[in-house]
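Structure first, commentary second.
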Amino acid sequence: MSGPSSANPAASQDACYISLLGLAEYFRTSQPPNIKKCIQCLQALFTFTPPSKVEARTHLQMGQILMAYTRNIDMARQHLEKAWNISESLMNFDDVKFDTASLLAQLHLQTEPSSNAAKAMLRRAVELSQNNVYWHCKLLLQLSQIHASDREYSSASELLAVGADSAEEAGATYLKVLFLLSRAMILMIERKTNDVLALLNSAGQIIDNNIPNPHQKEYLKVFFLVLQVCYYLALGQVKTVKPSLKQLQMSIQTIMAPNWPSDDTIFGSNQLEMFVWLPKEQLYVLVYLVTVSHSMMAGYMDKAQKYTEKALTQIEKLKLQEDKPILSVFKVILLEHIVMCRMVMGNRELAIREIAAARDVCLAAPQRRSLLKRHSAQLHCLIGLYAMSTSFFDHAERQFLVCVSETTERDLKLFANLNLAIIYLRTKRETDLKQILDAVSTENTHTYSSQALMGGFYYVQGLHAFHKNSFHEAKRFLRETLKMANAEDLNRLTSCSLVLLSHVFLSIGNSKESMNMVTPAMQLASKIPDIHVQLWGSAILKDLHRMSKDAQHEKEAYANHVKYSENLIADQRKCVQSSHHELVNWFHGDPPITTGAPLTLPVIPEAINNPVTPLTPSSAAVAATAGAAASTTPMTQTNVAVASTSALQPPVGAVAGQFGQFY
């Protein structure tokens, strides 16, 4: 008799737990949810002095509810800390223990200026999870992402290498490839070119030969191809990348087909396969992004604009479903790219509106501090290009100097310095010009930079030689630029070099060679279209036709020159009247809030007299550390432009939960 009677209290208590949990879930899932009553039901569980495991689980559930449905972060933290203190030493309680650690780390990141507490929590959890492959790998990914966000790339890379080894020991091939590709992404941001190639080759062979599930294989292929495309773009290899980009576009179409299974179906059956880099809808936007980057670098501004508008439309659709932070990252990078397109085409007024739109996205994003911090240097660079193209050289110089001081990205720094060199050239500051060219030359003899940026460097040297009337030296530099540009189909760099070479030949009285240079320059400029090269080229053509006494063609060239000039002057007038023009005075802190006409993307570009053209740097890389997503931009300018910035960092940094960037 004593047996049944002693068991009854325990059975009765279990029934109470179950009833209260059921009620809590009922209130949580009601329409609308009744979170207050849900929390009251969970709190009532503690009155029964439950066993340790029940108490820890209930504290975890309270923390989850408070984080998801309320702003009571302090109470959420208290419950999660209690759950961790109870569960840390309990055996066979991994889900509660490590879920709590993961959530506490997230909460520390949200509420504390430093990530140290989050890292310490995850390091302890990683140490305790070594016998649970799923949680060990999940926590390694989370910790590596925090290190990557803090630009501690070596630490992130080491953690990802540990994850790859753990996955291999567990026979989890799919997960191992995710770790390898995530590590390749980090190494790409570090510009460890040889290591990136080795990892990509290793991962590519495994994808081809050791992934039996066709859907997982295609998904990994998209991740692999995104990194491969970004790798080539970061090196300015626009022509070399074309086959990989085409493959990527075909793969994403396969994944987005109506008959393709849902991500839950593909990744939901095996715990060690429940990891994805990005869901397919976000991958779709990312492929648009790298396509935009490629179009910009290749000098196809119309294509870049078209794909940007499609990508932005897709982002808005996804935001209506769920406003994920990565969508804000993608949007900022796309706006940075489209700004470059507008300036090349002579529509600076729309460019400054889009810079303001990018600022608004940074300020409105939930991860405001990190997003603005990550894109501040790019925004200063873009504003510098805008100020340069509207002849506000003092403002442009200060913007580029701020960019150089804020960024740790070598290519962005080089890009800003090249534009500074052009400003010093235009304003006849020979000492400053020599100093910056010497510094750029010294630094880049020891490092391998993007083909596009190095071509831009030779172009600036050619422009400098031209202004010194050192025409032989100018030809030497410009031929080097043309060799690099032609090798990789860098059309804008080609057109700028050709028009400057034409001017060189015109200056030494060789009208035949001048015509041979300016004709293809104008054809390319029309195809891009680049109004600055068209303005310059039409002036050269007018002089050439006057010299050959061809009055009709001289008249046509003059009419074209007037048309381009008037378009740019009209646009200049709109720029200085725009409230967003005030952004040229932003040099520190948060960017000022300006008001103006709302941004509507499809706008016919207009066109500056005697323009200073932006140079256009190289890359667009999109990276991500394992299961999340991060972001980047290129740029440049001169009395004719050559480079461009917009994501002077690869979209490789745009995909890791929130980390990275590039353009």
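All positions are counted from 1 along the displayed chain.
Using N, Cα and C of the backbone, Cβ positions are placed for all residues, glycine too.
Residues or ranges marked as repeat 'TPR 1' in Swiss-Prot: 455-488. Sequence annotations record features per position, and here Swiss-Prot assigns repeat 'TPR 2' to 495-528.
This prediction places the mean pLDDT of the repeat 'TPR 1' (455-488) at 95. Assigned with DSSP, the residues of the repeat 'TPR 2' (495-528) fall into helix, strand and coil as follows: 30 helix, 0 strand, 4 coil. For the repeat 'TPR 1' (455-488), the number of residues in each DSSP class (helix H, G, I; strand E, B; coil) is 30 helix, 0 strand, 4 coil.
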